[in-house]
Structure formats: structure tokens, C-alpha cells
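Contents: one structure, followed by commentary.
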There are 2 protein chains.
Amino acid sequence: MLQIDGTKTKTPTSPRELIHSIGTTVTLQGAIYKIRTMSGFAFVIIRTHNTLVQGIYHPDFSEFPLELLKEEACVTITGKVVEDKRSKTGYEIHLMKVKILSSPIQVLPVVINNKNMVVSMDTLIDYRPITLRNEKERTIFKLQEGICRGFRSFLFLNNFTEIHTPKIVSAGAEGGANIFKLDYFGRDAYLAQSPQFYKQMMVGVYERVFEIAPVYRAEKHDTSRHLNEYISVDFEMGYLEDYTELMHMETQMLKYTLDFLKSNYAYELDLLKVNLPEISGIPAIRFHTAKEMIAKEYHREMKDMEDFEPEEEKLLYEMIKKRTGSEFVFITHYPSKKRPFYTMDDRENPELTLSFDLLFRGLEITTGGQRIHNYREQLSKLISRGMNPEAFDSYLMLHKYAVPPHGGLGLGLERFTSRLLEQSNVRYSCLFPRDINRLIP
Amino acid sequence: MLQIDGTKTKTPTSPRELIHSIGTTVTLQGAIYKIRTMSGFAFVIIRTHNTLVQGIYHPDFSEFPLELLKEEACVTITGKVVEDKRSKTGYEIHLMKVKILSSPIQVLPVVINNKNMVVSMDTLIDYRPITLRNEKERTIFKLQEGICRGFRSFLFLNNFTEIHTPKIVSAGAEGGANIFKLDYFGRDAYLAQSPQFYKQMMVGVYERVFEIAPVYRAEKHDTSRHLNEYISVDFEMGYLEDYTELMHMETQMLKYTLDFLKSNYAYELDLLKVNLPEISGIPAIRFHTAKEMIAKEYHREMKDMEDFEPEEEKLLYEMIKKRTGSEFVFITHYPSKKRPFYTMDDRENPELTLSFDLLFRGLEITTGGQRIHNYREQLSKLISRGMNPEAFDSYLMLHKYAVPPHGGLGLGLERFTSRLLEQSNVRYSCLFPRDINRLIP
């Protein structure tokens with residue numbers, strides 16, 4: 001009987017560390033990223049799991065014909081580590097032996113081994129399985145990993161419990177028609193627009209909870225800001241004294257995460273030349289005040305009094321940055337009728353809510369707020385909106401059997417990544433985007 | 001302009017640590033879990049975010065009437081920490097003041113404050129928003145958090161990159177009719193049965209990747225082992241020399257995670273009286289050999305020669321445990337026709353595959369194996385199965401443009417948790433289960 005004891009796992013050499021191995025002979029695995037033939041020798045760039053490595057092919061020490069190498073072939077190479085101050089890693093590898101493990105059957109349909117991908121966004125996404133092999137492209141998602149790790153690490157430190165809630169649901173939490181419908185064994189079911197009901201239920205269990213998972217919006221918008229499936233970073237916390245605690249918590253989370261990236265993803269930040277925002281404090285402005293400020297500063301007419309136009313979000317960003325230096329701004333007290341039925345109204349003016357959005361570089365990346373925790377209050381708000389309380393039986397259990405004052409928020413991971421990297425379209429920060437026109441790859 | 005600088009976040013007192021604060025006066029938040037009136041005083045158990053705390057109500061020091069307290073009310077209490085060797089925490093709290101933050105409007109429909117929930121599984125799940133407040137119930141999912149953290153931590157240490165792939169897809173990866181269909185802006189789309197295609201694509205990008213996310217199986221089974229939506233822990237790794245490396249990696253991951261739980265979730269392990277398995281090595285047996293061993297040992301007729309019956313999985317567990325002490329067993333070399341089209345066949349016998357399942361305490365918790373990486377081989381396997389290669393255009397890019405030899409696996413989080421806790425039904429390890437009859441809560 002074969003015994004699997006866990007010993008047969010290689011710890012791969014980390015090519016980023018080879019600068020400490022000058023003069024030694026090493027074995028590396030990776031794909032041939034680029035071959036540049038010179039007179040009498042060749043540069044052979046190898047894409048390893050975390051960095052590009054410059055290999056030198058030279059008949060003096062290479063024991064194989066150069067013709068053996070093809071771009072994108074997967075290889076094991078043996079070579080000598082030689083100091084080279086001009087290369088990014090500080091070293092190059094004199095290629096001695098190569099073993100071809102896997103070879104492309106044809107030349108790639110797009111050039112992926114230049115510094116930047118110079119193709120349209122559609123081509124970039126159509127060919128994702130190969131365009132992601134571009135050094136910069138893959139680094140975007142490595143950094144996104146770091147963002148998630150930073151968030152998670154912060155939330156664990158602050159006593160949040162990680163949960164997994166269902167994405168197939170019997171009713172939408174956010175209301176409206178923007179919901180995907182599916183056949184669930186002969187019954188109608190929907191894809192969750194958010195984990196809202198579930199995270200509120202879990203506040204009664206653990207006090208503070210979070211989830212990082214996909215959510216679904218069947219919005220027909222085809223804009224640079226919308227995805228129909230995206231990753232939502234959701235948290236919800238109990239024993240709130242004041243809805244501003246939510247904004248303080250998010251501010252801390254963002255600070256922590258940016259510091260986490262600096263400490264753990266410096267290589268990626270550098271490669272992508274990320275212009276990291278500084279957060280000392282984030283201004284919070286009431287929605288109506290912000291509307292007025294924009295109108296005044298830019299001599300604009302206020303049209304939609306219940307929401308921002310995308311252009312206004314950009315102007316607000318400019319204005320706040322100029323005045324305070326902050327690239328983030330919280331907008332608070334959105335009109336009640338524009339917020340979902342579970343949002344707590346402002347005691348001082350019930351037409352407004354104790355809710356907020358966070359805008360980052362001109363784009364809304366978070367929606368949050370305090371929730372109604374009183375049963376009668378929630379019931380009467382449902383009824384006043386013409387909704388049927390019976391459809392919310394299991395949700396209302398949380399109010400009926402007492403839940404502490406609480407609130408929370410959802411942050412769009414792709415939007416945050418995209419603004420951090422100052423991209424022109426949120427799709428650039430999604431591995432395999434889903435939009436109204438796109439279901440593949 | 002209000003400045004949000006992150007300072008207004010309380011670090012809640014951790015009630016588990018109060019044993020170090022004997023004699024001091026503290027303020028705690030939580031829900032009244034249980035009131036036991038004695039003659040002249042009362043025990044008031046408070047459910048805080050991570051432990052139950054025993055409070056003592058006594059007219060001598062309590063500055064409020066006992067009638068003020070209701071079970072499940074959310075409160076802020078102020079009291080003195082007094083040593084008490086009989087209580088689990090080592091202390092009790094003499095309740096001085098209380099502030100009621102939120103109150104239930106009626107008595108709970110199920111008793112949640114006994115040691116164990118003594119209700120049917122259906123009742124337990126129907127009332128999830130409140131039954132999860134039971135101490136043991138909530139601890140199951142706290143431990144599940146620990147399992148995920150352990151997996152993640154191990155995978156990061158081993159150079160895996162965390163990815164997020166779409167769950168709305170244009171075709172199923174696992175084949176068969178067990179797939180949920182939805183209307184995607186007038187087109188047919190499906191819910192992903194696994195991240196298979198995507199994680200394989202990403203092997204060409206990062207070498208090693210993982211994802212912890214929901215997957216969907218429209219199976220009509222109504223058994224103790226099936227959920228229609230569950231959390232799959234998926235990893236995929238490149239530069240395999242041998243498919244057994246996958247089993248070694250999983251063995252290491254499990255060892256690491258069990259150790260992680262011992263170090264970081266000892267409180268939960270103790271509360272649930274978890275019988276942690278010991279892993280020194282995990283036996284690996286070929287599928288046909290296992291079938292024969294079971295038939296011989298238990299004098300059973302072999303019926304289905306292509307799969308195990310659930311009863312056989314249980315017998316196999318008994319037999320392997322008796323013979324080797326292991327509660328895990330890998331089964332390898334499943335018949336090719338029972339495995340998906342991307343599975344690599346065994347060179348020595350193409351009717352078998354380089355694939356495996358991992359059984360834990362008689363239940364399959366993992367399916368994995370080496371994948372085909374050669375384009376022509378994958379193409380001819382698709383064709384030989386009567387499948388249309390054009391439907392897999394973007395998937396086949398990964399083979400066409402070279403991917404290293406690779407493989408991976410998927411582990412069902414709820415199944416693993418459920419076997420670890422020796423539960424009779426996998427639903428007990430899912431916060432809000434989805435099955436053929438259940439879509440709420």
C-alpha cells in the first residue's frame with residue numbers, strides 16, 4: 001500500500017532570491033517569455049512564477065541548439081547565476097541545459113511579451129488565457145490578491161468572523177429588477193445581489209462578520225464602471241453607537257491594507273508604478289451639501305437631486321483633492337427613497353438616511369450604512385413601501401428576536417483595484433469579466 | 001467638514017481574557033443567553049462575541065430590577081470581575097448596571113440556550129437566524145472559519161496565488177445534466193460546477209493557484225452528503241513530475257490545517273469535543289484493488305465496477321482504519337469513462353486515469369488528478385467523447401499555447417467540516433444549506 005506522507009512536494013526556488021546565489025548552478029522552471037537573438041548569443045527571458053529572469057544563451061556554455069527554444073514553451077533550465085547589475089533582478093543566468101516540458105503548437109495570435117499590452121480591451125479579454133501571461137497583466141491580479149489579504153488580515157485582527165452565505169436565494173436584498181433569475185428544481189430562484197440579509201442575521205450570532213464573495217447585478221449598463229458579477233468585500237458589525245463608526249472602521253481597513261501592500265507587495269507596486277494614496281483622514285460630506293458644493297464650484301445646474309451623475313463624482317474628487325489632499329471622500333445622508341428598505345433613517349430628518357458611499361478617485365467603491373434593528377420600525381418601513389412582510393419572514397426573525405444596533409458596508413474589489421491602478425475601465429481589474437455582452441472566456 | 005480618521009473604533013474587550021482582570025470593573029456587550037433564578041439571586045449568562053460569560057444578579061450589588069432582563073435582549077453591562085473556579089472562564093461578573101440596547105418582541109419559538117439543540121434538522125435550519133445563536137451551533141462555523149484560514153495560510157506559504165473566477169459561465173466544466181441554467185440577458189448561461197477551466201488557465205500564468213468559492217451542482221439527490229451549493233477549496237499546480245505530488249500537497253495541507261486549528265482554535269475544538277484525526281501518512285490504493293479488498297473482507301458482491309456505493313466507502317474506512325490507523329484514504333486510478341474529459345489517462349493502461357479521490361471517515365471529500373496538457377491529446381479525447389471542440393475554444397487556448405504538466409483538486413468545505421465533527425448530515429456544516437427542497441432561509 002502506497003503511503004502518502006506529504007514529503008514529495010518540492011519547494012520551488014524563488015527566482016527573486018537568486019541574487020544571493022551568485023556563482024552557483026541552479027535549476028529553474030518557467031515559460032520562455034521572449035527570445036532576442038544577438039550576434040553570437042541570445043537573451044532568453046524566462047517567466048517564472050513570480051518574476052522574469054534574464055537567461056543568456058551562448059554556444060560557449062549552452063549545451064543545446066537555440067532553435068530548441070520557442071516562446072511560451074514550458075521548460076526546466078539549468079544554468080549558472082552570474083551577477084548583472086543592469087538586469088532588474090541583479091543577476092542573469094548562463095543557460096547550460098534545457099528540458100522542454102510542453103510546447104505551443106502555433107505562434108501566439110497576440111504579442112504578449114512587450115512591456116505593455118497594446119491591443120484593444122476586447123482583444124485583451126478575448127485572449128485572457130494568454131494575455132494574462134503578460135508580466136504587467138498578471139501583476140494586476142497578484143496585487144489584487146494582496147488587497148484581499150490585507151482586508152482579511154485587518155478584519156480578523158478586529159474580531160470579525162468570516163462567513164459563507166448562499167448566492168442562490170429566494171428574493172433579492174437590494175430590490176429592483178436588476179436580478180438574475182434561475183430555475184431551481186422547478187421553482188424561481190435568484191442570484192444574490194448582496195449577502196445583506198445573511199450578514200445581518202450573523203450579527204446576532206458573532207457580533208462582527210465579513211464575507212468576500214461574488215455578487216450579481218443584472219444591470220443592463222454597458223459602462224466602464226459596471227460588471228454583472230463582481231467580488232464584494234462585505235462586513236457588518238453590531239453594537240454600533242453611531243453610524244460614523246462604520247466609516248472609521250473602513251478608513252482603518254484601507255490604511256491597514258495600503259500599509260500591508262507596501263510591506264508585502266512592494267515588488268508589484270513598483271512594477272505597476274502604483275501611485276498609492278495617502279490616508280490621514282477622509283472627509284465626510286452630506287449628500288446635499290456635496291451637490292451644492294459642486295454646483296457652486298463648477299457653475300453647474302443640479303439636475304438629479306437624488307443621486308450623483310458620474311461627471312459630478314469626478315468633479316467632487318477634483319475639488320476635494322484640491323481642498324484637502326484626500327483622494328477619498330465619504331458622502332453621507334443619502335435621501336431615504338434612494339436607499340434600500342433596511343436602511344436606518346436619520347432621526348433628525350426621516351427623509352435622509354444614516355448611510356454613506358465612499359468615493360475613491362471619482363468612483364463609488366463602497367455603499368454602507370446603519371440598518372434598522374427594531375422590528376416594528378422595519379415592519380412599518382416595509383409596509384410603507386408597499387412590500388409584503390410575509391416574503392421576508394426569515395429575515396425578520398433577526399429583528400423579532402433582537403439584534404444589536406448594527407450596520408455595515410460592501411466594497412467592490414474590482415472597482416477598488418481599478419482606481420488604485422488608475423485604469424480607465426473596471427474590466428481591467430477583473431480576471432474574466434461578465435458584462436451584458438460577454439460570457440466568455 | 002467632518003474628518004474620518006479611523007480613531008472612532010472601539011477595540012472590544014475580549015471576554016476570554018477577563019480572567020486576568022479579577023477585581024476590576026468592566027463593561028461588556030452581548031445578548032442575555034439564559035437567566036436562571038435562584039433564591040435571592042440569579043445566574044445571568046451573557047453571550048458575547050466569543051464566549052459565554054456567567055453574570056450574577058444580586059440585589060446587594062445590582063442597581064436594576066431583574067425583570068428588566070429578557071433572554072436574547074442585547075445589552076451593555078457593567079460589573080465586577082470575581083474569581084470563580086467552577087465557571088468555565090474562571091470568573092463570573094457581579095452585574096451592577098445594565099443598558100438595554102435591543103429587545104425581542106416575543107419569546108423564541110425554539111429553545112436555543114441549552115447545551116445542545118434538541119430539535120429536528122429541518123427546524124434547526126428553518127430557524128437559522130436564531131438557532132445559530134446556540135453556543136455549539138455557532139462554534140461549528142467559527143471552526144469552519146479556522147479550517148479556511150488554515151488552508152489559505154498553507155497555500156500562501158507554498159506559493160499559490162489566490163484567484164477569483166466567474167460563477168456565471170457559458171458551459172459546464174464537469175459535463176452531465178447537473179447544471180443550473182439561467183437567463184443571461186436573453187442568452188443561456190449556467191452556474192459553474194467548478195472553477196476547473198479557469199484554474200487551469202491560471203496555471204499558465206502563476207504556476208500555482210487556488211480559489212475558495214461557491215460551486216453549484218443541480219443534483220436531484222436528497223441525501224445526507226449532498227448540497228446543491230457548496231464551498232469548494234480548489235487548487236491547481238504546474239510543473240508536476242508525477243500526479244502523486246498532488247496527494248502529497250493535500251496531505252501536507254491537511255496536516256498543516258489540523259495543526260493550525262490546534263494552535264488557533266483550541267477553544268472551539270474543546271467546546272465541540274472534536275476528535276482530531278492524526279495524519280502521519282495517508283494510504284493510497286487503486287480503485288479496483290479497493291473494490292476487491294472490500295468484497296473480500298466483507299464477503300460482498302461487487303456490483304458497480306465503476307464507482308463506490310456509499311456503503312462501500314464506509315466499509316473501506318473501517319477496514320483501512322483497522323489495518324493502518326488512518327482515517328483518510330486516497331483512492332487512485334479511477335476508470336477513464338467515469339472521469340471528466342480533461343483528466344489524464346494512465347500511460348500504462350488508458351482505461352484508467354491518473355486521478356484520485358480522498359475519503360475521510362467514509363466520505364469522499366476531494367476529487368483531483370493530473371490534467372491533459374497536450375493540445376492534440378486533449379482534442380482527440382474531446383472528439384472521442386463526441387464533444388464539440390469548438391465549444392471549448394477559449395479553454396483550449398491554454399493547451400494550444402503551452403501549459404506545463406499540471407493537476408489539482410477540489411475539496412468540499414462542508415463535507416470536510418462535517419466529517420471532522422462526525423456529524424450525520426453535511427447540512428449541519430452549512431450556514432444556510434441549499435438542497436432540492438430548500439431555498440430559505
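Here the Cβ of each residue, glycine as well, is placed from N, Cα and C on the backbone.
Per TrEMBL, L-aspartate binding site is recorded for A:Glu174, A:Arg217, A:Thr367, A:Arg371. According to TrEMBL, the ATP binding site annotation covers A:Arg217, A:Ala218, A:Glu219, A:Arg225, A:His226, A:Leu227, A:Glu364, A:Gly412, A:Leu413, A:Glu414, A:Arg415. Under the heading domain 'Aminoacyl-transfer RNA synthetases class-II family profile', TrEMBL lists A:141-441. The region 'Aspartate' annotation in TrEMBL covers A:196-199.
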List nothing but the one residue from A:His226, A:Arg371 whose Cβ has the fewest other Cβ atoms within 10 Å; the candidates are the binding-site residues.
A:His226
In which DSSP state, out of helix, strand and coil, do we find A:Leu413 (ATP binding site)?
helix
In sequence order, what residues of the same chain, 6+ apart, have a Cβ less than 8 Å from the Cβ of A:Arg415 (ATP binding site)?
A:Arg225, A:Tyr230, A:Phe360, A:Leu363, A:Glu364, A:Ile365, A:Val426, A:Ser429
Filter the binding-site residues A:Glu219, A:His226, A:Leu413 down to the ones within 10 angstroms of A:Thr367 (L-aspartate binding site), Cα to Cα, kept in sequence order.
none
CB within-chain contacts under 8 A for A:Glu219 (ATP binding site), separation at least 6
A:Asn178, A:His226, A:Asn228
What is the Cβ neighbour count of A:Thr367 (L-aspartate binding site) at a 10 Å cut-off, with all protein chains included?
20
Compute the C-alpha separation of A:Arg371 (L-aspartate binding site) from A:Leu413 (ATP binding site), stating it in Å without decimals.
23
By the DSSP assignment reduced to helix, strand and coil, which category contains A:Arg217 (L-aspartate binding site)?
coil
Same-chain residues at least 6 positions away from A:Leu413 (ATP binding site) with a Cβ under 8 Å from its Cβ, in sequence order, are A:Gln144, A:Ile147, A:Cys148, A:Ile212, A:Tyr230, A:Ile231, A:Ser232, A:Val233, A:Ser429
In the chain carrying A:Arg217 (L-aspartate binding site), residues 6 or more apart in sequence that have Cβ under 8 angstroms from it
A:Asn178, A:Ile179, A:Gln193, A:His226, A:Asn228, A:Tyr230
Site diameter for L-aspartate, Å, by largest Cα distance between A:Glu174, A:Arg217, A:Thr367, A:Arg371:
21
Can you give the mean pLDDT for the region 'Aspartate' (A:196-199), rounded to a whole number?
98
Could you put numbers on the helix, strand and coil content of the region 'Aspartate' (A:196-199), residue by residue per DSSP?
4 helix, 0 strand, 0 coil
Record-listed ATP binders A:Arg217, A:Ala218, A:Glu219, A:Arg225, A:His226, A:Leu227, A:Glu364, A:Gly412, A:Leu413, A:Glu414, A:Arg415 have a maximum CA to CA distance, in Å, of 18
Taking DSSP as the reference, which of helix, strand or coil describes A:His226 (ATP binding site)?
coil
